[in-house]
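Working notes, beginning with the structure itself.
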């Protein structure tokens, strides 16, 4: 398509783009505003691509790059193929530029366009790029392979689909394999190898049919001197290990030697890290038998132990001076996310398997991994690899690493002893059984190192002690291995909470939270006053970054230990002062709200003097966030707040609700339920998770307020269940729980026909967590208490799954009310469970009754009525035969006098 720019407009755009690069903020702002105005022009993208791809000696590469970035953002937000024909026909010219920056930006624009258009929308681009990669000049080959690498990374799934019976990857993979032999440009080799690595991750047959050839090419490239090629070779071995480990087993010894040589001999940090990543992946690979890996440990472990020592460059970059009095810079403050309200779950009793929540485990793992640092590096990767190896090869790791760590932990060189302490922390959990024998010697030494002159040593010692906290806490009873160590260890870490180095403060405060969480509350209770005194000192000295860790430690203490009135009154003033000093848009408010949520829930009515101001602010923040979200739908210039403000506001109101109980009615106005309804429609899963948790507690304590919006509430719950996805599991779970609480307290008759099919479908669904199904079963049972006649016609559809999910729940109010309702349904149509040929539905339900060890008086009477009814219905002979098929049938009959 032919198109020519207007010279005046082109000059103006040149000037504007130059202004966006100005060092003066006001000039940049004016230029940005002008650029936003220019976007309304129909041929805006044409001007941008013209500037980007046109070789004009009067146009600096920075201006061309700025045009390219603006073009990428423009097509990403709003692209119409009908008005961008010139762009599509012209953009590849940028890859012919001699300017590397221009070629790279052009590749980014091409990648963005392809992600939106795909093969069908832009069929010519892949063939043209491949041709350019094969036949173009060296710079254009580098540009074309760079663009193809980005496309394979971002849109590989599009290339793996069939179009007219063929897959683009069927053609592309052989081409990339050929390009690996390009002798003129290491960049072409590196880009082609990166493309193949991205394709391999798709687990596509288009790649697997060439896997043997790929391995042969890798072994040739292993001697390549270019660092980008070298790094991508290591990455390729990782991809094969993750996806086809069987193909790597015959070559494993050579590959291990290659990556170890890369770690010990290569000068490039990225190559070393990628090589160590291979060892980390190998340590966690479940598809390679341990007997194959074990012989290589004597080669691997010494290398990763050495890699854990700070490099000279890292030591140079470390600031080990005291900095407790220095304010945090914005870039020092690590981004955090609100934790959100936990999904409500029903505990299993001793007869059932306890199904821990995977999300909880993942969060614990993430928090634990923070000891290795926030920025991934060779040192941290090596420590994580040792951790992983300790899990799978505990005895071997203790034999190989133990003596080395013992020797180095007393080194006069602080980086060496710091790495040794890190090593002991890394093996703490995997080698727990073996380290238990030596823990009595190790812990006192570590406590002594908390007074080390070097801050990094004190910091890592706090973390390492936290890794041993479970062992220390579990053996601190009289006669236990750590009976005399708990108090001195705890006190020493507590002292580090007020260290003059902020990184030590952070590590110590996190360790204290770990100890509180792992210890028996009776161990912590005598220390609570001392803890609160130190926490108050922390309030006085901590800067913004470490306040988040402090809030978490306080929250853990309040959740785990019952504090007396004096202790609570000592703790609250500092929290309230912080609460009053933060603005509504301060992200520190997230952690403080989470902390207040726990404090309010635990203190109950004792929190009443603070409740009103806390509630009013939480609802104000919530309302402001909802309003900003609403306005941003029609006005993209509106800056919305992070969803964490909504999540933590909801959680804080929920904490108040739990703490004040029925007195919440005096605090919570009628607008709250309207705000909650808005959050139930939010697109963010975490927001809805917390909103449904609050809804359930409102149903418990102030059901009359929820009843005023029953129709909207039921609609939101049904919508959550029907549109559930894997990522919205916790929100769906809380929606089911909230409905169960509502069903106990408000009349659901008008909604039964709509609700019952949805819950039955949910109960019979596959791939859901136990907690969702259990809450769904409880909800149906509770709904039946007032509406048994609505559920009776459906007994055959849900009894089997209902029974399976209720059978082993902990015997509490939720299970009791659910069973009470189900008894009513069964008694309203007892024949329904007998209509199957073998009567297995009745057997399953009676198994639930038999497994219920201690029902309340009312439920026991209902169980007895059900049993008597079936005995009369079946007759003596039929009843006797039935009991032989029920679990503990004779004991059941005896228990209920039958």
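Every residue gets a Cβ built from N, Cα and C, even glycine.
For reference, TrEMBL has these:
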- 31-97: domain 'Importin N-terminal' (DOMAIN)
- 320-330: compositional bias 'Acidic residues' (COMPBIAS)
- 320-374: region 'Disordered' (REGION)
- 331-345: compositional bias 'Basic and acidic residues' (COMPBIAS)
- 354-372: compositional bias 'Acidic residues' (COMPBIAS)
- 672-709: repeat 'HEAT' (REPEAT)
- 754-789: repeat 'ARM' (REPEAT)
Secondary structure composition of the repeat 'ARM' (754-789) [DSSP: H/G/I, E/B, coil]: 29 helix, 0 strand, 7 coil
Remote residues contacting the repeat 'HEAT' (672-709) - C-beta distance under 8 A, at least 6 residues beyond either end: 338, 340-344, 619, 622-623, 626, 629, 643, 646-647, 650-651, 653-654, 657-658, 660-662, 664-665, 716-717, 719-720, 727-728, 730-731, 734-735, 737-738, 740-742, 745-746
Overall pLDDT of the repeat 'ARM' (754-789), taken as the mean: 94
The repeat 'HEAT' (672-709), counted residue by residue under DSSP: helix, strand, coil: 31 helix, 0 strand, 7 coil
DSSP-assigned states of the compositional bias 'Acidic residues' (320-330) in counts, ordered helix, strand, coil: 1 helix, 0 strand, 10 coil
Helix, strand and coil totals (DSSP H, G, I; E, B; other) for the domain 'Importin N-terminal' (31-97): 50 helix, 0 strand, 17 coil
